[in-house]
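Here's the structure we're looking at; comments come further down.
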């Protein structure tokens with residue numbers, strides 16, 4: 001027997017990893033049609049591996065794009081407790097967190113404990129405020145989860161499906177899916193039509209394929225008669241067929257070629273292998289390439305390593321019009337976006353609503369039927385967006401999607417919904433009562449026309465007049481013993497400071513301006529301190545004069561002479 005140069009297989013990721021490692025020493029290429037784990041893209045570990053199935057990283061990113069697009073900031077997740085579920089969850093979480101979205105909860109399902117795990121996950125879904133739930137697991141696990149949700153009467157959730165169960169006919173035809181899982185939105189392996197395949201299927205006949213036992217049993221079950229082939233059969237007592245039976249009148253899963261997904265991946269794997277073999281076995285015209293050392297392979301001389309090299313160079317256009325080539329181990333990422341919709345007959349149909357091509361999402365939103373049965377996009381949030389006039393304040397120990405709305409402080413506003421901080425108003429403005437806009441400040445000041453303003457002005461003018469009169473009297477009698485004994489220099493300073501204090505009160509009356517606001521406090525403070533300093537020094541002089549009358553205290557007055565008095569007043573005033 002001739003050695004096998006290429007294997008198309010590895011029906012799941014674990015099998016593909018094991019088989020690929022076994023075939024590495026033989027340089028034998030392996031082309032898988034369903035293995036999707038990201039690790040298989042590593043050409044260092046799996047140099048002989050190729051696949052026509054996209055890596056799970058891309059479906060996780062596509063689902064994250066859906067959540068971001070529809071602004072679902074609060075999403076629950078139920079995933080299989082294995083590499084597949086946990087990896088998709090990790091990539092999905094990274095994608096939504098960059099957009100400010102959060103996971104409400106994460107529940108895992110173990111195949112060995114599926115009933116108890118599904119019950120726990122159903123209770124978590126029921127207790128959570130998240131209305132959108134991501135489910136990443138095998139369809140049999142989802143079936144048990146939906147059964148538990150039906151028991152709890154949880155019927156208002158919007159489910160996001162991974163490709164492992166988004167197209168499951170068993171799930172769609174189950175009785176509880178109509179109640180629990182309407183409007184499912186999911187990612188699916190891309191589908192395509194195969195030219196001539198429908199005709200091939202419908203022309204199958206056990207009389208033409210006597211060794212096909214599966215076809216014989218299917219024929220007996222479908223038509224209730226024996227095709228007349230003498231082989232052991234579970235339907236041996238059936239009457240013979242009359243020869244008019246045909247699959248052209250049969251419509252079931254076996255004859256339905258409209259949803260060829262894994263089948264199309266197998267087709268692409270065979271198509272790639274055929275082109276690689278064609279390139280390897282096709283010899284170019286030696287005369288057209290003079291001087292070149294050209295070697296040609298023959299059917300009995302095919303080397304796996306040469307076929308693997310040709311496989312990596314495949315770059316063709318399929319009969320469906322798609323460009324096909326391998327990028328390392330992978331092909332261009334393509335997914336279908338599907339939606340479960342109820343038909344008038346009461347059945348759940350799988351409807352194509354969009355495509356994923358690489359990193360691009362193409363979606364027909366108007367074609368989606370949501371879990372509510374309407375075209376209104378479901379809302380899944382932890383906290384309502386903060387209205388204008390408030391800002392978001394995250395709750396301690398909770399995700400950023402859960403927050404409280406705090407009113408803006410005086411002088412601050414927020415005029416958009418969902419503001420993270422309030423903005424200070426300009427210096428000449430103030431916030432309105434709703435804290436949504438800055439309005440000009442209302443100026444409150446004491447006018448000269450008001451009763452209190454007139455009264456204060458009259459008092460100030462009277463005080464200044466009396467002070468000036470006393471000043472004039474002191475000045476006129478400055479040479480008299482009484483004025484001189486009263487320390488005339490300090491007395492004049494004191495009268496001047498009192499007059500300034502009266503005048504300063506006039507600055508506080510009337511419409512404020514930039515110069516008056518700067519002058520008010522400083523002028524009054526200096527005038528008042530000058531007045532108090534004069535009184536303090538005069539008090540010290542009087543005290544020193546009385547104490548100097550005691551025997552032996554004559555030198556005390558020398559420390560409080562005119563120079564020291566002036567210096568003390570200047571020192572105390574300069575501090576202010």
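Every residue, even glycine, has its Cβ placed from backbone N, Cα and C.
Keep in mind that TrEMBL annotations are predicted by a computer and have not been checked by a curator.
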426-451, 452-477 - the one TrEMBL records as transmembrane segment: 452-477
Residues flagged as transmembrane segment in TrEMBL, choosing from 489-510, 555-576: 489-510
For the transmembrane segment (489-510), sequence-distant contacts whose Cβ falls under 8 Å of one of its Cβ atoms, 6 or more beyond its ends: 445-448, 453, 456-457, 459-461, 463-464, 467-468, 470-471, 474-475, 483, 516, 519-520, 523-524, 527-528, 530-531, 534-535, 537-538, 541, 562, 565-566, 569
Helix, strand and coil totals (DSSP H, G, I; E, B; other) for the domain 'G-protein coupled receptors family 3 profile' (452-576): 106 helix, 0 strand, 19 coil
